[in-house]
Amino acid sequence: MKTKFIFVTGGVVSSIGKGLASASLGALLEARGLRVSMQKLDPYINVDPGTMSPFQHGEVFVTDDGAETDLDLGHYERYTSARLSKRSNFTTGQVYFSVIEKERRGDYLGGTVQVIPHITDEIKHKILENAKGADVAIVEVGGTVGDIESLPFLEAIRQFKADRGAGNVLYLHVTLVPYIKTAGELKTKPTQHSVKELREIGIQPDILICRCEKDLPHDMKAKIALFCNVEEKGVITSADAEHIYAVPLALHKQGLDDQVVDKLNIWTKAPDLAPWESVVEKLRNPLKGEVHIAIVGKYVNLTESYKSLAEALTHGGIANDCRVYLRYLDSEKLESEGLGGLLDDVDAILVPGGFGERGTEGKIKAIEYARTRKVPFFGICLGMQMAVVEYARNVCGLDNAFSSEFRPDCANPVIHLMEEQKGVERKGGTMRLGAYPCSLSKGTFAHRAYGSLDVSERHRHRYEFNNAFREILVSKGLVISGIYKEGDLVEIVEVADHPWFLGCQFHPEFKSKPLNPHPLFRTFIAAALEHRGKRSQA
């Protein structure tokens with residue numbers, strides 16, 4: 001079958017939910033047996049988000065092949081089986097970089113390089129490359145219609161209908177219908193103006209997904225359809241959902257996927273949504289109660305920084321049929337003000353990845369609490385490194401143990417710069433990135449969780465466990481349960497005399513899905529559930 005293209009745009013405001021809408025549509029089309037590719041186009045000039053502050057951009061999602069990408073790719077991977085790569089996310093910076101390189105090589109034969117056709121052709125080329133082998137390619141355009149940065153991308157996708165034929169391209173626009181509480185009314189004018197602006201560019205949307213607090217009444221749908229020149233059935237309500245994994249079911253109920261396959265002339269089987277129905281049922285009515293997890297981090301004022309992590313913990317709850325509540329604790333405050341009983345009523349503690357020295361001592365305090373009080377603990381990336389520092393200081397007696405990232409002249413650098421990182425000066429795209437194999441030791445927490453001795457996980461770091469201190473740490477009871485054999489790099493550490501204490505250098509949250517929870521999060525939440533049971537009996 002010739003590949004069909006669905007372009008998803010957004011209007012009125014940013015962060016309106018284009019990523020979730022795209023991912024949910026991908027899930028629905030896969031449930032019909034179609035092969036789906038997913039892609040995000042970002043209009044900013046950065047080459048990628050790898051050097052951007054989490055407070056600016058939120059989480060940086062890492063793919064198997066080492067791309068540092070937009071967090072929406074995390075939604076795509078969680079909702080679909082699409083294998084994402086460096087081609088799945090590109091920016092204005094990458095497009096211009098590629099075009100300028102071609103011009104310098106003389107590829108344009110002395111011609112004047114312009115936005116049209118050269119930039120738009122490069123955008124179309126990147127879209128087509130990622131779509132190879134797919135029945136349907138879903139392409140989300142970042143930003144908001146009306147942004148000057150988005151214009152070349154919108155022009156490129158406008159040209160697709162002429163290039164590929166009307167029956168092979170569909171435009172889906174996600175827009176806002178705000179509820180004005182003082183007036184007690186939903187307002188359609190922002191949507192009308194957003195679509196008007198899109199049509200002025202030359203794109204007529206086929207389907208509108210209207211984000212709103214409550215369902216749109218029939219007369220309002222009819223009004224939007226009339227003013228925006230779409231069929232009334234093409235006006236889809238996306239009211240605020242109790243759980244984000246209920247969104248595919250809500251969109252299916254309104255016939256979104258039926259309309260898409262009809263407009264694109266695709267014959268498919270009826271969708272099998274039983275797995276999604278099971279997930280939503282477990283989220284709404286968990287049989288085994290609840291657990292409370294403390295996330296001790298640096299970026300807690302913007303929880304989007306930990307998007308995949310929060311979702312992976314939810315997946316662990318789905319696997320254990322329990323509800324997961326997250327308590328975000330600022331590690332800087334713990335550092336300056338102490339724990340103050342903040343961890344006394346939690347069922348498990350997690351210290352996530354991060355960069356910079358600020359808040360590290362607060363994380364170490366939380367880790368010591370978890371280790372000594374036998375509270376289930378999970379350390380990821382920097383969290384694993386700080387667990388090693390805590391163990392070195394408080395169990396091995398290495399008083400000045402720390403990471404050379406923060407104190408280059410510390411006496412006991414139990415965490416140090418990786419050998420291949422020495423001499424690296426450029427910041428962008430130079431970390432240890434992407435999937436690497438990890439060999440596990442029999443009988444460990446990790447081995448029991450995975451049920452295998454060989455696994456592959458995704459990384460994003462420059463610093464590692466210092467093997468010069470391996471002997472003393474192991475002699476005092478630290479378990480090295482996972483290594484990267486090729487470089488003899490320590491990937492997983494555990495504390496044996498503990499219900500569940502594990503730190504990993506990689507980011508397992510990037511591979512967790514609601515339909516297939518990651519084994520480490522599954523067993524971590526199981527340990528939290530068990531700990532809660534013991535606390536309630538005490």
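Using the three backbone atoms N, Cα and C, a Cβ is placed for every residue, glycine included.
Listed by Swiss-Prot as binding L-glutamine are GLY354, LEU382, GLY383, MET384, GLN385, ARG462; the candidate from GLU335, GLU337, GLU368, GLU405 that the record includes in that site is GLU405. Swiss-Prot annotates ASP147, ILE148, GLU149, LYS187, THR188, LYS189, PRO190, THR191, GLN192, LYS223 as CTP-binding residues; of SER14, SER15, SER403, the candidate listed for that same site is SER14. For the ATP site, Swiss-Prot lists SER15, ILE16, GLY17, LYS18, GLY19, LEU20; matching the candidates ASP72, ASP107, ASP121 against that entry yields ASP72. Residues SER14, LYS187, THR188, LYS189, PRO190, THR191, GLN192, LYS223, recorded as binding UTP, reach a greatest CA to CA spacing of 24 Å. Shown are the binding-site residues ILE16, LEU20, ILE148, LEU382; of these, the residue with the fewest other Cβ atoms within 10 Å is ILE148. If you compare Cα positions, GLU405 (L-glutamine binding site) sits closest to ASP72 out of the binding-site residues SER14, ASP72, ILE148, PRO190, LYS223. THR191 (UTP binding site) sits 23 Å from ASP72 (ATP binding site), taking the C-alpha atoms as the reference points.
Less than 8 angstroms from the CB of LYS18 (ATP binding site) sit VAL8, THR9, GLY10, ASP72, GLU140, VAL141, GLY142, VAL174, each of them six or more residues away in the same chain. It is SER14, among the binding-site residues SER14, THR188, GLN192, GLN385, whose Cβ has the fewest other Cβ atoms within 10 Å in the structure shown. Distance between Cα atoms for GLY354 (L-glutamine binding site) and GLY17 (ATP binding site): 26 Å, as a whole number.
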